[in-house]
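Now, the feature entries from TrEMBL:
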type: TRANSMEM; residues: A:6-28; note: transmembrane segment
type: TRANSMEM; residues: A:40-56; note: transmembrane segment
type: TRANSMEM; residues: A:62-82; note: transmembrane segment
type: TRANSMEM; residues: A:94-116; note: transmembrane segment
type: TRANSMEM; residues: A:136-160; note: transmembrane segment
type: TRANSMEM; residues: A:192-216; note: transmembrane segment
type: TRANSMEM; residues: A:236-258; note: transmembrane segment
Amino acid sequence: MQILQLLLSGIAQGCIYGLIALGFVLIYKATETVSFAQGDLMMLGAFGAFAGMSLFGMPFWLAAVLALVAMAAFGVLLELVVIRPILGQPQFSIVMLTIGIAYVARGLITMVPGIGTDTHTLAVPYKDQIWKVGELVVNLEQLAIIIATAVLCGLLFAMFRYSKLGIAMQASSQNQLAAYYMGIPVKRLNGLVWGLAAAVAAIAGMLLAPITFVHANMGFIGLKAFPAAVVGGFGSLPGAIVGGLVIGIVESFAGFYLPDGFKDTAPYIAVLLMLMIKPNGLFGEKLRKKV
Amino acid sequence: MRFIFKTSYDQDIRLARHGGHMFWYGLLVAFLIVAPWAIDEYWLAQLTFVLIYGIVGLGLMLLAGFTGQFSIGHAAFLGAGAYTQGVLTNMGIPFPIALLAAAALSAVVGVVVALPALRVKGIYLGIATLSFGFIVEEVFARWESVTGGNAGLHVKSPQLFGWSLGSGEGFYFLCLVVAVLSTLGILNLLRSPTGRAFVAIRDSEISAQSMGIHLARYKTMSFAISAALAGLGGALYAHKLSFISPDQFNILQSIDLLLMVVIGGLGSVHGAFLGAIFLIAMPQLISMGKDWLPAVIGQAPGLQGLVYGLVLIAFVLFEPLGLYGRWLKIRTWLQLFPFYRKGLFKRQKSFTKSDRLR
């Protein structure tokens, strides 16, 4: 029973990592850059929902949808204003740029007087409800995370499989130049991908908020999603979720069975092992250059 | 405008290209030597920090700017040096030996990181070093019998041949000597075959390999040297602060170090020191600017992060060569004065090669 309980909390936490990692992977696949700002986009999403609910008194669902839309628009804007001008520069410049964006986001939120420096609770309707299945205690917040992740994955899968937009995104992620030649608006798609990643991050933020509260530094959890993305294989969407689950479960078990201090480092030890054994990750694509 | 006609290969790798270099660097060294008497104690301490960060920056510059291996966990090496120094001097081991031991141990740690990192590159390397940084930070916090854990560790003030270096001036000169020696060391390394191999690896691993460069060996060497310099800087840092705790060597410190070399200008030795000046001067400038801003903005706690982020974004967007690049432009403008063309430093737009093919 203990194991099942640990597994459940590991899966719930892992879904959050998976969702953030999904943002990395979406951006990496489409534009071959890595966004260090993903965790802070998550924080912005959570704050957006919080602002909608507490400042404007909206009901949860309306606030959530509005925050989602706002974050998607913000992602598109970010790509347009900041990322696009340095497209084609070395990958590392973009990494530094996203670190800069993360700093700005954190700084801006902290500067909001009276709100930015405090921790808040997001009053979701399903807060503090517990189900008992046999001896297993199921927290409804955890259940919501798992269900929402599953639904989101289904939607994304359907989009990439059946919609024209998704197929165009796949095409441009495989070969941008060839996609250009086939008449796919690659630049606009890149913007949309950033928007999508920001929206996914916002969802992760709103799901995480009931568990960890809303505060300006919650974005640092994004750093734990890097191991998730690597374990799953950086270029693979299902890999991101699976990697997230692996990291979440590893963390949850390490926290229980291993001595203090291993809980926070276990994901990083796992990723180092993964890089040593199989650098491409569990689902990583293997491409070789022809000379 | 000065024209240098190179008539021998030696001229290509000479440290001082012409008399002007000798003159200006001589002037700089002269200023640094008389600095303790010219500026007050507060600014001397800041200058000491610039030198310490400059030493660490040199190491990171060698790794990131010249070998093309980005480390997002460099604070781990800094911490390894700082803790080695702290523990050894508290045990009563003479200062110079402890300093060398700190550098050596950090180099060993660097090799340990390099070994798993050899298989990966690009963003994977970044994440590997990031993970390593987290693990090392946790080790500092948990290994309480040696590091004192989260309560921190007090470091005795350094003693050299009987006299104490605890005072501002003595310690400043110590840092100055170490900084000058490591700068000369790096400059000499860079003009040696090893340094050229590093640059070749940065520019293209495949072509470097096909020219007979042993990638694994040179990457490991680069990590080791870089870590040794970071350890050296960390050892001095430990003495300067005289108190170290794990949270001084966390991810934010690593990102600060990275920010330092990027803003200083990747791929230039000047950049390491310019970046260090920037890193030390920035909080001062921000706190000075605070008085000019309305209280709502000026007193807000997030201001520093916001300014850091904006500056970083502005540099990446508009001045990818960093402060050193800006100086190059100014110098060229002065040299060519009436004939400076606007597009002289225009960046070529190019599509990066896919990182997935490797």
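Using the three backbone atoms N, Cα and C, a Cβ is placed for every residue, glycine included.
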The transmembrane segment (A:62-82) vs the transmembrane segment (A:192-216): 3 or more CB pairs under 8 Å: yes
Can you name the far-off residues of the same chain, 6+ from the ends of the transmembrane segment (A:136-160), with a Cβ under 8 Å from a Cβ of it? 1, 4-5, 8-9, 11-12, 15-16, 18-19, 22, 124, 126-127, 129-130, 166-167, 169-170, 200, 203, 207-208, 210-211, 237-238, 241
Can you work out which residues elsewhere in the same chain, 6+ from the ends of the transmembrane segment (A:192-216), have a Cβ less than 8 Å from its Cβ atoms? 12, 15-16, 19-20, 22-24, 26-27, 30-31, 35, 38-39, 41-50, 64, 67-69, 71-76, 78-79, 83, 106, 109-110, 116-122, 124, 126-127, 141-142, 144-145, 148-149, 152, 165, 169
